[in-house]
Amino acid sequence: MTAGSKVFSNDSVRSSSFKSIKIVIVGAGNVGSTTAFTLLLSGLAAEIVIIDLNKKKAEGEAMDLNHAAPLSHETRVYLGDYKDCKDATAVVITAGKNQKPGETRMDLLKANISIFKEILREVTKYTKDAILLVATNPVDVLTYATLKLTGFPAERVIGSGTIIDTARFQYLIGKLYGLDPQSVNADIIGEHGDSELAVWSHASIAGLSLADFCEESETKYDEQALNECFKETKNAAYDIIQRKGSTEYGVAAGLVRILAAIIRDENALLTVSGLDSYSNIGDVCFSMPRKLNKDGAHRIINAKLSKDEDAKLVESVKSIKHAIESIGLN
């Protein structure tokens, strides 16, 4: 994930294409509503449409958000239905069963694949051109399901993947060294879940490996402390859910960061989930650094991993593939 990349900017100048930017959010739960709020504050979209089976809740969210618009950006937010997917720049899918304390993301699969089939059936009635951005867990499996069930081009079906894990990882390493997290380049790849892995071999600060940075800055290189950063990253969602019941702020910021890269045609490298293959395992969706622009997500680099990282990525991809096969979508 590129260091120094931000969703928000003080630059209030908008392109002439701003009025055509419509983002549809399916799901008015914690993640969906927080994504709508974050998107409103970003000023990226002229229209934000909220769709939910609970229309009263979705309408209430839209009303509340519209009251924030005069204090932020000129954006129209409204309760919509699937017809509003027509001419949408992107459809963000956050709807689904939430992860409860003690549950893994994979535990949600059976319930959420059923929900997704209904949602995608409706979405594809009204758009064949939007970018589909999946946030519902297990996100890698549901990104693959979205691709298969819609027949959309692979570059236009994107999962939020490990963008939030990468952000968490950078935050924790930055905290360890007393640095702005955006000064840290360190990626989490593979599954957004228990088998994800840290790419230690390419982690860097100011162009230096972590070990070299510590030597140059006369800071102790503590491998155990760094491993704790990864452990905390991997367990972050469980820890937050145990305390407050759900995660939403970081995920929403990640989704809007992805949308920003698409809307601004940035060609930004972000760790998101997309169709890929690895080590002859076959087609599967998992996170790697991908280039994001107005056309979607594109894999432009091959990972040069250490032997240990390669083995871990193989196992991570296999675990996603197994889950895909369990719902008959291979």
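Each residue, glycine too, has its Cβ placed from N, Cα and C.
Among the features that Swiss-Prot reports, substrate binding site is placed at Arg105, Asn137, Arg168. Feature annotation from Swiss-Prot assigns NAD(+) binding site to Asn137; the stated evidence is similarity to another entry. Here Swiss-Prot flags His192 as active site, proton acceptor.
Overlay of Swiss-Prot annotations on the structure.
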residue	record	Cβ neighbours (10 Å)
Arg105	substrate binding site	22
Asn137	substrate binding site	27
Arg168	substrate binding site	23
His192	active site, proton acceptor	31
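Excluding the listed site residues Arg105, Asn137, Arg168, the same chain places Gln99, Val139, Ile164, Asp165, His192, Gly193, Ala237, Thr247 with Cβ atoms within 8 Å of the centre of the substrate site Cβ atoms. Here the binding residues for substrate are Arg105, Asn137, Arg168. Their largest Cα to Cα distance works out to 18 Å. In the three-state DSSP assignment, the secondary structure recorded for His192 (active site, proton acceptor) is coil. Cα of Arg168 (substrate binding site) to Cα of the residue listed as 'active site, proton acceptor': a span of 12 Å.
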